[in-house]
């Protein structure tokens, strides 16, 4: 059985390793001949763990300030300089209530059992007892590691691809399809990964699109032909049906709110009369009586009431699984043809996505112009012969703000990283916001632009919605995760960028700025379009996405 001390050393070695191959080799060498491979891999990937601990960084600080009898304010101030694991380690070492162990005695199994128990309680008194109990058997470094597991970020600079491909060269790709970590590890030991398929009622990583800034680029990407599909301004939904059971998952593989999808339980059996089990990729949109899509955000309970005679409508664009048959390795044109054969449209309830077979550039331009004229979001372009590759950005999306050559071809989904005090009537409140993106290579957050122009009501709401730490433009208080140049140091930084809001930012064009840290990329005349509540930081525009977006 692997000890927590061994696991901590592995994490340290992975962090200091220079690249993908070296990190994966370290993991592969470590798990070889160990019986608890699954547990090791599971804990190396805490972000994939579906256990919920009901506490963020601020709550962890609050609870441990009570346990250690330390100043909560001092602990929060220390957190502003780094991250939660270091803060807890520092104050555990200094506290006089619980003496840290001199020698590590915990196994990974002990830690995993603790995490399971912690996920089952919600009362603060119960959480305090459990956190006290685990601290009493930890060294300072042990507790730091446990807290980072609760926070679901070990900061080892190694994501799922690095870790899973240490098991087998194609384990990561298989995982994105099956989403079953235990099955992958068991089958890898038997060299039988190819047998793993989609499991109905278990979410699949959705296939994604990268931004496209020209019609010419689209034809270079798909020289053998493409489908142009309307990009619906709704919410991505993966539909699973197994006999009379249903499951609905969002783009980040979380359950969709029931009020948005409950109606589908009545209509899916009518639209797919021959299907016993099925998995669909689709978009749910609120439409009017003429099946015209209504604005994004109208799916909410209160917002929907503003639109009389409206209906929830499922626009189906792919069939991934049908009655025991995994269809993801079949070319798109065959999947689409099959979908046409097995699905019966129910007007305003379940319909096919609008799809056009494109053969030349002028046709694509016409289809794009038509979509924008109808005030639709744009187009998604798909290889006509393409297979469905879970989690991969093989499609292209065009949703232009401006049609003129050289103008910004797409908006960017950026994360709120900080804020500045406003001036004049807006003095004393956060009125200007620092927007940025995540750099997968460095594990840091980089700045892209500042954004303002919100109305008074929106600003009033944002003061409460955004969880900020006041740093008063002090360079010494810039958190470890943020890379920002001196002239853009904000008055406030977000407590946790991975929990921050994602805003769609549009502008006249992408520009070069030596002052911003996202490879010098910025946005000219940035403007806030909307909050992307349907996305997590993982689906936001990362630095590599931004670089691709600016290439013409």
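Each residue, glycine too, has its Cβ placed from N, Cα and C.
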- Query: Which single residue out of 217, 270, 382 does Swiss-Prot record at the ATP site shared with 229, 236, 283, 397?
  - Reply: 382
- Please work out which residue of 231, 382, 397 has the most C-beta neighbours within 10 angstroms of its C-beta, and give that one of the recorded positions. 382
- Task: Give the sequence-ordered list of residues that share a chain with residue 229 (ATP binding site), lie 6 or more positions from it, and have CB atoms under 8 Å from its CB.
- Result: 317, 353, 354, 355, 356, 379, 380, 381, 382
- Note on the structure: residue 236 (ATP binding site) to residue 377 (Mg(2+) 2 binding site), Cα to Cα, whole Å, comes out at 14
- For residue 377 (Mg(2+) 2 binding site): DSSP state (helix, strand, coil): coil
- Item | Maximum Cα-Cα separation (Å), residues 229, 236, 283, 382, 397 listed as binding ATP | 16
- Message: Taking DSSP as the reference, which of helix, strand or coil describes residue 231 (active site, N6-AMP-lysine intermediate)?
- Response: coil
- Query: What's the most sparsely packed of the binding-site residues 283, 377, counting other C-beta atoms within 10 A?
  - Reply: 377
- Task: Measuring Cα to Cα, tell me the gap between residue 377 (Mg(2+) 2 binding site) and residue 231 (active site, N6-AMP-lysine intermediate) in whole angstrom.
- Result: 6
